[in-house]
């Protein structure tokens, strides 16, 4: 155990975490030069293309240090995006130390800050590293000062490196061996194995990535999942190099994988604990929680015949992603589809892209929404994840919206614009700290405001320098209303939105104008209305296409012309009763582009 080092890499998106992992694998000789590809641990194409890590991965490396001792290094690669923060916390719980990797040109960002504080709270040894020092725009001295001022850790013994060129990589590994402590644990105690991640394999079933905190796990053991009490036989176990290697046992302090022929990912959730059935531990390892979706959206197939294919595809994706939620939803406008729950907007985009790319599905996606808490006059409480499910305004006694705690890190010169944006988004300032040229803002902002366009606008007004970290805090009573969209008198449930009453008139008007631009003209007038309850708040008309029925009349009796015009009028009326209006996909996404009124709501 004294020769084991378990560590994670904390870094913001695109600060070079996966490239640094590649250099470690290369230096330790885990893969030959022929087998090496860029971003080895990012197994999905979408991870490589977007330059992000979505699923936690692990690799065991053997390294001969300068003291001539052979060390076992277990690197746990973690996601860097705010949507996957729970996976990060579970990965950190499996480690004794972490590398804090910061880009030499971009400096410290909010997600780095959040994950670093999580590591410090867990008593992990943090080794600061400044990456990308080969860039022309690199300013390592400024970034070193930021690490000390903003994060508050000693950076005098910092390591400078370039993961791209390989400069300084051996120095980092020597620091891991020197500074990160070996694992603590009792090999003779009852088994406690932390589940870091789990995914589905078509041949083996569910594969779980685990860290042995106490005891020893052997092939053939019977293990119990402590939160559910379900028991399984360990059929295979081993570790990654990153190739999958079988072995007979995992010892205390080691990280590896195990297969128990589990066919359902919900049998083994991230953060849970395995123990031996015949010699169970007294309690589970701390920190386990069931992840709840924060953002919901409707997925509907463009072709109704693809409904079963969409159902199968979501089922397969869910095998690898326990945080994905879906249930059948029927829409008057779009037919049968699914209401899906996600950790955040990036998570939603990734799932949609995988459905379209890997399963060749053409989808209509409704605008994302958050979950609301509704208390009715008969004292029942409901959690509403779709605007169309919201009860009538007369039935609601109290409506509460989710509030997110947002930590924003921004250069001082953009502070005014960022504060104005937070006020526009109905934010309440809780804290402000100045660190040299950087400022940390803490705001409580309604989650509905955060998930729509807050991140994009924050990046836009700060020229990409501001960064954001957010987490759900609590539900708060709010004066929000449901705005329905009616087209020719028919309520289109997929276009319904929930917004604050002060913004409702503005958003209703804006939505009507957007739809008027997007809906193609027909042979009859199309009336577009928005309503709160029974009150129409905005209306517009898409004018009909008109055929000139008098073109064949060259003079003659005026009654003949009147007769033709009357006949056309009756036909248009009949067409309006039975005519179907096809709404383009842009109509559903237009809700996202409706900007909100720039005023603070108390």
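Just so you know, glycine gets a Cβ as well, placed from its N, Cα and C.
According to Swiss-Prot, the feature domain 'tr-type G' maps to 2-184. Residues or ranges marked as GTP binding site in Swiss-Prot: 14, 15, 16, 17, 18, 19, 131, 132, 133, 134.
Packing around residue 14 (GTP binding site) is summarised by its Cβ count: 16 other Cβ atoms lie within 10 angstroms of its Cβ, all protein chains included. Classification of residue 131 (GTP binding site) by DSSP places it within a strand. With every protein chain in view, the residue among the binding-site residues 18, 131 whose Cβ has the most Cβ partners within 10 Å turns out to be 131. In three-state terms derived from DSSP, residue 18 (GTP binding site) belongs to a helical segment. The record assigns 14, 15, 16, 17, 18, 19, 131, 132, 133, 134 to the GTP binding site, and the maximum Cα to Cα distance across that set is 17 Å.
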